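**Student:** According to TrEMBL, the protein carries these features:
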{"type": "DOMAIN", "residues": "A:5-79", "note": "domain 'Glycine transporter'"}
{"type": "TRANSMEM", "residues": "A:6-22", "note": "transmembrane segment"}
{"type": "TRANSMEM", "residues": "A:29-52", "note": "transmembrane segment"}
{"type": "TRANSMEM", "residues": "A:89-109", "note": "transmembrane segment"}
{"type": "DOMAIN", "residues": "A:90-163", "note": "domain 'Glycine transporter'"}
{"type": "TRANSMEM", "residues": "A:115-136", "note": "transmembrane segment"}
{"type": "TRANSMEM", "residues": "A:148-166", "note": "transmembrane segment"}
{"type": "TRANSMEM", "residues": "A:172-191", "note": "transmembrane segment"}
Amino acid sequence: MLLQIIYLIAISAEAMTGALSAGRRRMDLFGVVIIACVTALGGGSLRDIVLGHYPLGWVRHPEYLGYTIGAAIAATFLAKKLHYLRRTFLWLDALGLIAFTLIGCAVAREAGHQPAIVVIAGMLTGAFGGVLRDVLCNEIPLVFQRELYAVISLLTGVAYLLLLRMGVAENLSVLLCLGGGFALRLLAIRYEWEMPKFVYQ
Amino acid sequence: MLLQIIYLIAISAEAMTGALSAGRRRMDLFGVVIIACVTALGGGSLRDIVLGHYPLGWVRHPEYLGYTIGAAIAATFLAKKLHYLRRTFLWLDALGLIAFTLIGCAVAREAGHQPAIVVIAGMLTGAFGGVLRDVLCNEIPLVFQRELYAVISLLTGVAYLLLLRMGVAENLSVLLCLGGGFALRLLAIRYEWEMPKFVYQ
Amino acid sequence: MLLQIIYLIAISAEAMTGALSAGRRRMDLFGVVIIACVTALGGGSLRDIVLGHYPLGWVRHPEYLGYTIGAAIAATFLAKKLHYLRRTFLWLDALGLIAFTLIGCAVAREAGHQPAIVVIAGMLTGAFGGVLRDVLCNEIPLVFQRELYAVISLLTGVAYLLLLRMGVAENLSVLLCLGGGFALRLLAIRYEWEMPKFVYQ
């Protein structure tokens with residue numbers, strides 16, 4: 001389906017952003033590939049481990065690893081040109097955030113979890129690949145400090161559940177959330193919307 | 001029961017210490033909430049994942065997330081006043097350490113694990129929320145460098161198992177360990193007891 | 001069997017390298033023991049959690065914890081003399097890398113996983129104890145930046161599967177891979193073979 005195709009685009013895009021992150025830390029090709037896989041597949045893996053939902057996606061479908069490894073290696077060759085594609089990347093990353101979120105919600109819903117857990121499963125899938133990437137790159141996770149990102153994932157999950165509860169069809173709910181979440185993320189980037197910061201000495 | 005009430009106090013107190021930690025790293029409200037949840041619920045989650053004990057506590061009881069999120073947000077408002085409550089916090093944190101430890105031991109014991117694993121499950125529950133918090137805040141875990149903390153968790157677990165083996169009733173064992181472990185932790189803070197440091201160049 | 005004996009030598013050696021790492025960060029005895037356990041047993045634990053393969057090795061055999069804790073404490077006493085044993089350590093670490101890899105592959109194979117997952121399970125077992133150690137010591141994992149290490153683990157896993165598919169007996173395959181992987185690692189150290197680095201600003 002639509003979500004599946006967007007998922008494959010999204011893991012490739014996330015793998016590329018992970019590879020560039022690794023390159024900024026002067027990692028070797030092995031490190032680049034691992035960071036790319038963790039960025040693209042780590043959020044979903046964390047969700048499945050937390051929910052006890054086995055086997056993990058990439059264990060059942062090792063071809064996902066193929067896409068992320070391929071995208072990571074491609075990124076190292078294209079790195080200089082990717083600079084000009086920065087905007088494209090932000091768009092793909094935004095699309096990936098929302099697609100990952102909706103997939104994560106759907107997985108938790110099918111496993112029969114409560115609404116709060118469904119929303120959290122979506123957020124873990126959407127935003128925590130980047131958290132794991134930053135931990136491995138020895139940085140404070142960007143997601144905890146930057147403009148609205150994980151919060152959009154949470155809002156998308158809540159909207160998705162509300163639409164389903166209102167009787168809207170699954171496919172239409174996915175499309176509406178995909179459009180709405182994506183638009184919200186682009187607006188957050190454009191106008192640099194941020195969560196209030198908490199500074200404590 | 002008693003342990004359950006102490007548990008709820010403890011996760012709220014741990015969530016607040018986590019939130020203050022996040023504030024020291026200038027995180028936004030989302031980061032604050034995540035670090036608070038990881039500090040309060042991460043140790044128990046790690047224990048359950050290591051033991052394959054599903055569903056995790058907060059997945060079955062999403063209201064625990066409500067308490068920690070509420071406590072974290074309260075901490076951001078009360079931050080300046082919390083400074084005057086520093087001693088109260090150290091006490092609540094000490095109570096939490098011991099309560100988490102005993103709950104972790106009880107969970108592993110009911111699952112039929114060997115004594116060494118029961119003691120480790122207690123220590124993971126008691127001390128590793130803080131380890132995960134420090135990893136996400138990009139620091140060397142305090143627990144590995146500070147005055148006696150995790151070791152008191154280990155000793156409490158050992159005492160708990162010994163009391164049970166000596167035929168002492170479950171409730172009495174919990175009370176004795178709670179009192180003893182709490183007193184030991186306060187003494188460790190008061191007299192700055194430390195483990196010997198290992199320094200290697 | 002042979003692999004079992006080598007495994008016990010390897011976890012002791014890995015525990016000692018973990019303890020020295022902790023000593024370089026001025027950790028206390030508790031931190032030393034935890035870092036040693038994570039270095040020696042963390043790779044296998046991560047593999048089992050990712051594959052949903054419970055109970056974890058050391059949960060079933062708590063005596064493994066005894067060996068690693070004993071080795072870690074011994075390392076703190078012998079630290080000054082261990083310096084003269086540096087070469088011995090590199091050899092034991094190389095042996096451990098290959099033994100961990102083969103054990104990890106065997107575990108995943110017996111669980112019926114696909115070839116790509118078997119090879120990855122070997123690499124997680126062989127190389128990710130060190131990754132977890134570096135994350136807890138607040139460093140960018142060495143494995144992502146240093147001379148050939150995890151890649152040798154991957155190659156060993158691939159060779160192991162190829163030999164089995166060619167009909168070579170299990171024991172002979174293990175011995176051949178053990179010898180070949182070990183030699184390859186020593187050559188990589190000797191001639192400082194490295195993966196190409198990807199540097200991106």
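Cβ atoms are placed via backbone N, Cα and C, with glycine included.
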**Student:** List, by number or range, the same-chain residues at least 6 past the transmembrane segment (A:29-52) whose CB is under 8 A from its CB atoms?
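**Tutor:** The answer is 10-12, 14-19, 21-23, 58, 64-65, 68-69, 71-73, 75-76, 100, 103-104, 107-108, 111, 113, 117, 121, 124-133, 136-137.
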**Student:** Below 8 Å between Cβ atoms, which of the listed ranges A:6-22, A:115-136, A:172-191 makes the most pairs with the transmembrane segment (A:148-166)?
**Tutor:** A:172-191
**Student:** Who are the chain neighbours of the transmembrane segment (A:115-136) in space, where the CB to CB distance is under 8 Å and they lie at least 6 residues beyond its ends?
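**Tutor:** For the transmembrane segment (A:115-136), the list is 14, 18, 21, 34-35, 38-44, 46-47, 50-51, 96-98, 100-105, 107-109, 142-144, 149-150, 153-154, 156-158, 160-161.
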**Student:** Check the domain 'Glycine transporter' (A:5-79) for me and report the mean pLDDT.
**Tutor:** 92
**Student:** What are the DSSP helix, strand and coil residue counts for the domain 'Glycine transporter' (A:90-163)?
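**Tutor:** When I sort the residues of the domain 'Glycine transporter' (A:90-163) into the three classes, I find 60 helix, 1 strand, 13 coil.
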**Student:** What parts of the chain pack near the transmembrane segment (A:172-191), using Cβ distances under 8 Å and only residues at least 6 beyond its ends?
**Tutor:** 2-3, 6, 90-91, 94-95, 97-99, 101-102, 147-149, 152-153, 155-156, 159-160, 163-164
**Student:** What are the helix, strand and coil residue counts for the domain 'Glycine transporter' (A:5-79) according to DSSP?
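**Tutor:** Helix, strand, coil within the domain 'Glycine transporter' (A:5-79): 64 helix, 1 strand, 10 coil.
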